[in-house]
Each structure stands twice: as C-alpha cells, then as structure tokens.
Amino acid sequence: MKRTIIMMLDSFGIGEAHDAHAFGDVGSNTFGNIAKACAEGKANDGREGPLKLPNLARLGLGHASKESTGEFPAGFGDDVEIIGAYGHADELSSGKDTPSGHWEMAGVPVLYEWGYFGDKQNSFPKELTDKILARAGLSGFLGNCHSSGTIILEELGEEHMRTGKPIFYTSADSVFQIACHEESFGLEKLYELCIIAREELADYNIGRVIARPFVGTGPSDFARTGNRRDYAVEPPAPTVLDKLKAAGGEVVSVGKIADIYAHCGITKKVKATGLEELFDATLEQVKQAGDNTIVFTNFVDFDSHFGHRRDVAGYARSLEYFDSRLPEILALLDEDDFLLLTADHGCDPTWPGSDHTRERVPVLAYGAGLEPGSLGLRNSFADMGQSIASYHKLEPMEYGESFVRS
C-alpha cells in the first residue's frame, strides 16, 4: 500500500537561500534564530530553556540545518540516532510566497514574476477598487496600504464596524487581503466580495485574494477566526496532486491546502484550524487513507500566528508541541508509507518587518524504502514532487530530481 503524508510546516525555513541577497534576507534563519533565542533565554514565554525537538532531530532536522548553514543550531548536535533521510532545498521560483513554495514542492515552480502592489500607502489603483466597490454595491473601503493583519484590525476595525466599509490591504507578497467582521459585515458577504476581487484582479497577476474574517467588539479583543479563505489562481501546469487524482488516486487536503492549489488535484477537503485541530485531523485522515493516497496538511499557525507577528516564543512553543505529537504519526505508518516534512518559505520571527524570508527549507523524508542519511542540497523544492511521482509510479514531472527509487 502506497500512501504519502505531507506535513507542511508553513514558514519553517532553515537558513538563507543562495539568492537571499536579492530579497534583502541574508542572515535570515527561522529555525536557527529561534534556537539561538531559546538558548539565550529570550523565548521563555509559556516555555523555557533551549529549543527541544527530539523527534524532528531524529528525522534529521538538526543535520539538515547544519548542511544548510554550516553549523548546528543551538542545542542540536551529532548525539542523536537518525531514523530518516534529510536534506535542504533551494527554491527555483521567483518569489518567497505561499503558492510558489507549495506549487514548486508539488513539481511546478513559478518561473514568472507575480504582480505586486508595491506602494506602502495608496497601494491599489483607483480603477481597480472602483470596479470592486461598484460590483459589490459598497460606498467605500478602508486601508489601501501595506499592513500586518493584526495591526490593521487595531487601527481600522472599529471604523469598519461603524461604517460597513471593508478593509483592503496587502503586503510584500502577491496578495489582496480583505478583512471584515463576521457579524456586522457578514461572512458570506465577505466571501462574495473576495470572489468579485479575484475576478477583477485577473489582469494584475496577483497570486491570492484572502478573506480575513474577524470577531470582537474593539481593539482589545478583535481576533481573526478560522474561517479564512484563499482565492488563488490555478497552478500553471498539472502538479503531482493532479497526476495522482487523474490516475485514480485520492488527495486529501487538511486545512488550507485546497485553497492554495485553487482546489486543483484535490479529491477530499477537511476543514481544521489551529495546530491541535490540524494535527488531530491529519491523524484521522491517515487512519482512513487507503492505497494510492496523499494526505497533505498545511500547519499555517507557524507562519500566520508567530512568523509574521515576530513571536519567537510562540513559534518555539508551537514547534515543541508539534514535535511532541510526531510519534503519533509515526505509529500509524506502514513500512511502505512515505512521510515528508517540509516548508514553503521562511518567516524568521527575529527578522525586521513582518514579511516572509527567502530561505532554504528542510526535506525530512521517512519510509518509502529510504535509508537514513543525507539527501544533500536539493536544487529545487520540485525534487519533492518528483519523488512523490516516482513513489506512486506516476509519469515524471517536468522539474525536479527524485530521491526515491520507483
């Protein structure tokens, strides 16, 4: 029985990419800088001491990081029994965004430039926003700037509730984000507005429109909910998910995976939010999974709650929680199963600003007949997609080199 379980630790980079200089990210290292802060006692909120990830270390995380950066992260070393194959991967895609990282690891790198809204203020063309407002029957909007999602709620959430005007904002990524209150504005109305925006953005080459619903009564208790939706453009070519589906296999999306791939190549969608719920749902889907199945989970909290918010202790705390539950996954695997843990980009919580960082990502592989040891530097995330194709005996992807024997 052949089953692939992909656990995407969203934003968990392991050191600057070869082209980090082009992004202003030289020195970024999500894993390494978190470990350093923990070792120095600078991440003791809700946890304390050095970063403890014994199960990820056994899968080769520390060793992959050493190969990426030249040194072990603080608290990690050679004194561990390695049970998995480990490597580190550079990104071929032009951007350091979520769709690019996900599509590339599924065999389809993004070799063109996304469109971006580069101006920090007055970010959106008036022609665009006028069309969106006219179609939605709205009198105006708030925001029109680059911002963190939490900060913009503090600044504009009350005015939004008072006026009914949606909040439009963006970031360094190729995104158009819309924040609205679930009750005063309405969740379905927000989704409808996002669909309109997605259609009007067709000529701007923007990767995603993101619905950012929130609840609360004021800045002190405004909170984004788990009802986020991403409206992505479709990948430019069939991914390994599409190929497995076309071959009669099953592809199970847990969390926001389906949205990231614009629902292409997905046969089943499982909604889950929060680290615990996502892990629980992954376990349940692995238990149910039959032959020729991919179970694919994005653990978004690492990125959205801790990376972008530059919360080092929160990121460390969640990594330790994730690590503590890994044995539950390992216990469900058959000899022929293929477990793959990776990331889509970096988001170093010690880095200036609030944007992603251009980093290498871990490639931690277990099962599928792989011997424990180094996979070395992978020149593209697409090596993972090629390996999945090889494992499931699908026709080869155009990009990537497999590290799994078919």
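Cβ atoms here come from the backbone N, Cα and C positions, even for glycine.
Sequence annotations record features per position, and here Swiss-Prot assigns Mn(2+) 1 binding site to Asp10, Asp344, His345. The Mn(2+) 2 binding site feature in Swiss-Prot is assigned to Asp303, His308, His356; the stated evidence is sequence analysis.
When the alpha carbons of Asp303 (Mn(2+) 2 binding site) and Asp10 (Mn(2+) 1 binding site) are compared, the span between them is 6 angstrom. Those same-chain residues not listed among Asp303, His308, His356 yet with C-beta within 8 angstroms of the centroid of the Mn(2+) 2 site C-beta atoms are Asp10, Ser11, Ser304, Gly307, His345, Cys347, Ser354, Asp355. In the three-state DSSP assignment, the secondary structure recorded for Asp303 (Mn(2+) 2 binding site) is helix.
Most Cβ neighbours within 10 Å, among the binding-site residues Asp10, Asp344: Asp344 holds that distinction in the structure as shown. In sequence order, Met8, Leu9, Ser11, Phe12, Gly13, Thr98, Gly101, His102, Asp303, Ala343, Gly346, Cys347, His356, Val361 are the residues of the same chain, not among Asp10, Asp344, His345, whose CB sits within 8 A of the CB centroid for the Mn(2+) 1 site. Note on proximity: of the binding-site residues Asp10, Asp344, His345, the one nearest His356 (Mn(2+) 2 binding site) is His345, by Cα distance. It is His308, among the binding-site residues His308, His345, whose Cβ has the fewest other Cβ atoms within 10 Å in the structure shown. The distance from the Cα of His308 (Mn(2+) 2 binding site) to the Cα of Asp10 (Mn(2+) 1 binding site) comes to 11 Å.
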